[in-house]
């Protein structure tokens, strides 16, 4: 090719040398003239050298010229392209992907909140409908808990569709069995680890269903939200979690709401018993969650699915004797198999299964605070259904108690560093206000000087 670039030192301008070609044209055709850049001609910058060279090659018409293929492009074009635009594009792409992932996670969390609240409201309302023709709360609890066996097969189906490295069900089951120890799950570990959690799970559901026989769905769902305060108190005492004054206030508000709910009907009758049953359900749920955090806190999604299915097996094998005892002692009259409301029972068990899956999966896929908000939103959801469908009229005391419990629940959702974050936020606002005041003072002083110059009162300095 025609041009050669000499190394350019710092402070020197790049120069272009054009060497003449040998006369390869026929004698009858005129040879192209050479174009020389004089010293007085405009010099091209480093970024514009290839443009001038392309122009010279196009004018002179030398052999083998392709537009946009100068020596500068051959030697330095790729480097310059990789230095400036590539880095900016990659940073912009990374920031775009980060923002997109955050938006998708928030939108998924909002969808998860709606699904959790809807499934819990549906579960509560279907229980009330089932009690109209089938009043056997323990059998309903036992039948619904058996459906937990399906959680691990559902998880494995998701694993097959979302991962490239497929594993057989036995391999995946053995991998998730490490939750019980390095040797996997044995009969002793199966009973030792699963029995306490299965008993607490059964008590939580059974007491919740008993409370629904005494109180409205709104009251029971509001009282169940007190489990968040009990979790904090147990974690503070047992797990030695950080002490937070605002959470102590929230726990006091939850207890106040419980007392007001019991006082609504004068501490007697079904109302007081229903409040006691709902508080018992919240207490056993809190104990279950604290023990789960203590022994299985580092479990992943597959291990949690394995554990819930294992509890379903334990419930089917060892707790099946309890419904039989209640049936033969006439405490719960089941009736014939054909007379049982299987549609309501299966719908209730399915909604309860969906709720449990969403709660445990949502903690992995989105923010845990959104899962708690989904549980809290079941209170206004049940209230809307009770007012519109069942025409329930709430007293002022019950409404006040429900609002106090929900407010305490929201206070418990505050992060541990909320106080320092809040102080930092107010400090930033104060700094901005001081800066704005300083700018206003500067502008006012400038305006005063300009007016004084216009009035001729500016002092002239002596030479």
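Don't overthink the numbers, they just go from 1 along the chain as shown.
Every residue, even glycine, has its Cβ placed from backbone N, Cα and C.
TrEMBL entries are annotated by machine, without manual review.
Residues or ranges marked as compositional bias 'Basic and acidic residues' in TrEMBL: 73-82. Positions annotated as compositional bias 'Polar residues' by TrEMBL: 443-463. As annotated by TrEMBL, region 'Disordered' applies to 73-93, 438-463. According to TrEMBL, the transmembrane segment annotation covers 103-122, 134-156, 190-209, 221-239, 245-264, 271-292, 304-329, 365-385, 392-414.
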Best-contacting stretch, by C-beta pairs under 8 Å, relative to the transmembrane segment (134-156) and drawn from 190-209, 221-239, 245-264, 304-329, 392-414: 304-329
Contact between the transmembrane segment (103-122) and the transmembrane segment (245-264) (at least 3 Cβ pairs under 8 Å, separation 6+): no
Contact set, same chain, for the transmembrane segment (304-329): CB under 8 Å, 6 or more residues outside the stretch: 136, 138-139, 142, 145-155, 173, 176-177, 179, 185, 190-191, 194-195, 197-198, 201-202, 296, 356, 360
Chain residues outside the transmembrane segment (392-414) and at least six past its termini with a C-beta under 8 angstroms from it: 216, 218-219, 222-223, 225-226, 228-229, 232, 244, 246-247, 249-254, 256-258, 260-261, 263-264, 369, 372-373, 376, 379, 383, 386
